[in-house]
């Protein structure tokens, strides 16, 4: 039966430009099938720009209650959606071009004779699908399974799914089931009906919980504009990421150019493919003799050839060492991934206890086996947002930036390597040996047993050796240390100790001074020079607590005393030693302290004497100061 306004003789053979645009709108819009009103009546809901319901009836002619259909005299996007999505008609199929269909054509459409029939795997008995919680087990999802509400392929769309727990076990998008629940206006305690088997699907409360948890799977990269090719830099201008059109070399591995660099013809020797958005497949382009770029728009043929092209070229996707370096996570009994709604978006199955998940840089998580197989054999990017995992240019830069602190020069590399040598722990008195320039006397720094603030320049390089986390021995790399350590330390240090009183004393309070040596200068002549050893004692303000910090404070002196000391310091020779002894709380007798110090100094000298000899340095132009820090033994 013909409806008014339609003539049977009007048959279309070719796809018009306007109808093609409406088909593009239908395929790119978010439209949901809420209800089927007979075999040819459908209630649709469009998500954007606002949720609106539309009724579509197939017949002769087709009818839709939208505002576009009666005005244009052309099929609207809602009718196109039913023909292309619901009934899977090809865009150029004759039945998809007509303003209406006869009874025979509708009958063929309902029977699906235009589809390629594939054998369906046999279903097992329902009792074999019942799990411990009383639910039906979820059916395996294959490449042809679709969501009955949005009519999208499940494995291709990669959205979280739920399944019918009391009927057929088929999977449907969680988002689509929530839209259907809103249309049915059911209460939270009610059960939803399966749109496929018409049996109870699942409690609405469970669907809402799954929807809440699945929304947490959305990463920030998914919200980026599609014209941003995430993870892909331009190999010429280093723009990262490339925006707009992105060109990929068909012969070089992971070589990309932005629009500006491609127009500058900086890589003319090879051919390129291109894409405008990261969710699109790479399309071929050719250059004619007049150097005008010609785009090939045969989309279906190109998409088929692209996979064969990649296999033919033998392109390596993600290297194994890159994939194995991605973080792994073991699912434990307290993991949030066990909650309803969390699932691997590649296989669309829930996570289970004891499984391993792999985390991508974009924060998406998948089963380890699923994502490894994807990166090894299918694509070098995240299957959800398209962010490229590995690019030789960005990976090389990241590796260089990670070791940037070790570069600059060979001298700096050697200097840093010496500072990072393993710590040597020696119990006993800490020594600080440092080199001073000619004419400059060493000062008494404020000692911090955790870290000594000393200048670090390549010219004054030194080695750090930590002793019991108390202080550091700073050694200059010169020949003088090899010649003077054994003699000067063994000669000056014991003589100084021999001049001290040998009477035993008990525990010295931390705020008690040693008066016999406070204002006394002890001169110890040697065979080489006559060094002046100035003994200064200070009040210890700390008790070796958490930070193990000891602050040295100079005693107050009269102006006359300072002048005399300054005059004596001005006459010091470069080989002189400035020996400063700081005692802290101790509980041993002086004789025991002396023997302990001698034993530790002997071991230190034997260790220091084995230090490698560097380039020759004039010993007369240097001054070595010895600072002895008293520690609690």
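Numbers run from 1 along the shown chain.
Heads up, the Cβ atoms here are built off N, Cα and C, so glycines get one too.
Listed in Swiss-Prot:
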| type | residues | note |
| --- | --- | --- |
| BINDING | 234, 237, 258, 261 | Zn(2+) 1 binding site |
| BINDING | 249, 252, 267, 270 | Zn(2+) 2 binding site |
| ZN_FING | 54-87 | zinc finger |
| ZN_FING | 147-198 | zinc finger |
| ZN_FING | 229-280 | zinc finger |
| ZN_FING | 344-388 | zinc finger |
(message) For each of 234, 249, 252, count the other CB atoms within 10 A of its CB; which of these binding-site residues has the top count?
(response) 234
(message) Other residues near the Zn(2+) 1 site, CB within 8 A of the CB centroid of 234, 237, 258, 261?
(response) 235, 236, 238, 239, 242, 257, 259, 260, 262
(request) Specify the secondary structure state of residue 258 (Zn(2+) 1 binding site) as given by DSSP, simplified to three classes. (result) coil
(request) Might you list, by sequence position, any residue in that chain lying six or more from residue 258 (Zn(2+) 1 binding site) with a Cβ less than 8 Å away from its Cβ? (result) 234, 236, 237, 239, 242, 243, 244, 245, 246, 247
(message) Can you tell me whether DSSP puts residue 234 (Zn(2+) 1 binding site) in helix, strand or coil?
(response) coil
(message) I need the most crowded of these binding-site residues: 237, 261. Count other C-beta atoms within 10 angstroms of each C-beta and give me the top one.
(response) 261
(message) Given a Cβ distance threshold of under 8 angstroms, which distant residues of the chain, six or more beyond its ends, lie next to the zinc finger (344-388)?
(response) 138, 141, 154-155, 158-161, 171, 217, 219-222, 224, 229-232, 254, 278-279, 317-318, 320, 323, 326-333, 335, 337-338
(message) Among 267, 270, the binding-site residues in question, whose Cβ has the most other Cβ atoms within 10 Å in this structure?
(response) 267
(message) What does the structure give for the C-alpha distance between residue 270 (Zn(2+) 2 binding site) and residue 261 (Zn(2+) 1 binding site)? Integer Å is fine.
(response) 14
(request) For the recorded Zn(2+) 2 site formed by 249, 252, 267, 270, name the remaining residues of the chain with Cβ within 8 Å of the site's Cβ center, in chain order. (result) 250, 251, 255, 269, 271, 272
(message) I need the nearest neighbour of residue 261 (Zn(2+) 1 binding site) among the binding-site residues 249, 252, 267, using C-alpha distances.
(response) 267
(message) I'd like the per-state residue tally for the zinc finger (147-198) from DSSP, helix first, then strand, then coil.
(response) 15 helix, 10 strand, 27 coil
(request) Report the DSSP secondary-structure composition of the zinc finger (54-87) as helix, strand and coil residue counts. (result) 14 helix, 6 strand, 14 coil
